[in-house]
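Listed in TrEMBL for this protein:
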type     : residues : note
TRANSMEM : 25-51    : transmembrane segment
DOMAIN   : 41-290   : domain 'G-protein coupled receptors family 1 profile'
TRANSMEM : 58-78    : transmembrane segment
TRANSMEM : 98-120   : transmembrane segment
TRANSMEM : 140-168  : transmembrane segment
TRANSMEM : 197-225  : transmembrane segment
TRANSMEM : 237-261  : transmembrane segment
TRANSMEM : 273-292  : transmembrane segment
Amino acid sequence: MQRVNLSTVSEFVLVGLSDAPEDRLLLFVLFLIIYLATMAGNITILVAIIADTRLHNPMYFFLGNLSLLDILCPTITVPKMLEALLLENKVTSFTGCMLQLFLLIDVVGTEIFLLAVMAYDRYIAICHPLQYMNIVSMKLCAHLAIGTWVVGFFNSLLHTSLIFTLLFCDSNKVDQYYCDIPPMLALSCSPTYTRELVILTVAGVLGSSAFVVTLISYICILLAVLCMNSSESRHKAFSTCGSHLTVVCLFYGTTICTYVRPSFAYSPHRDRIVSMLYGILTPLLNPIIYSLRNKEIKCALRRVTSQVRTAL
């Protein structure tokens, strides 16, 4: 049987972080704080949604899925980055690199589709409130959520198989702090044109479709808000939708910039900054923007806290 892995490289070295000792310590502390804050915020949201039956409705079901993704996304990359910063262990095995890339693309792809589903859910809730419960049933929500995870899985499976059937025979130094598609393509010593074309096509079609659905949903929401009679209601809706749209555009913009472009446009320094925006900053902002400013979430957290105190 022919071997799928034709690579002569058995491990990779992640060299996308500063080698200066004083910078490493500072970066370690900074990213550790951000990571812990991200975990605390998203786990808090998940606990509140699961524990409080008042939040068992479509909107919070999708928010729970988003919080889970925002826990997974930095967990795939940040612990290894912290290990490299603290212990200077930048080596990862071929299998470990392949698994990291697969999980990252899976989570990022799933979140892209989930944000589109969430935008559509808010569109129905705001533009068709009387029909909302008939259109967006919990059964439909479950199907949509499962669909986003399944599409994300197969999308990642395709991208990972395209990358790790390439030849890696010269350098094993990955110019990034984790294994990702652009630096792996740049590292390969075999022709990548066909694979790049497939990756660009698939990522472009799926990513653009999700973005268009999200954008149209928010445009319809904003138009509906403009028709509201109460200035207070308009201000509140604009504030909420504006925050949501800012985070959504940040996430879509950075991911599209990373994955929907040819390899000759690859810039290691720029990619490190861009990847931190969608891989570290967005998971930190999502619970603040989507949930912690929400009165129902705050009330649920108070009820859960009160129940825990009573139990203790």
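Just so it is clear, glycine is given a Cβ too, placed from its N, Cα and C backbone atoms.
Unlike curated entries, TrEMBL annotations are predicted automatically.
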Request  = Select the range from 25-51, 140-168, 197-225 that forms the most Cβ-Cβ pairs under 8 Å with the transmembrane segment (237-261).
outcome  = 197-225
Inquiry  = Under 8 angstroms, Cβ to Cβ: which one of 25-51, 58-78, 140-168, 197-225, 273-292 has the largest number of such pairs with the transmembrane segment (98-120)?
reply    = 140-168
Inquiry  = Test of understanding: applying the rule of at least three C-beta pairs under 8 Å (pairs 6 or more apart in sequence), is the transmembrane segment (197-225) touching the transmembrane segment (25-51)?
reply    = no
Note = If one takes Cβ-Cβ under 8 Å and requires six or more residues beyond its ends, the residues near the transmembrane segment (58-78) are 31, 35, 38-39, 42-43, 45-46, 49-50, 100, 103-104, 107-108, 110-111, 114-115, 117-118, 121-122, 125, 136-138, 141-142, 145, 148, 177-178, 279-280, 282-283, 286-287, 290-291, 296
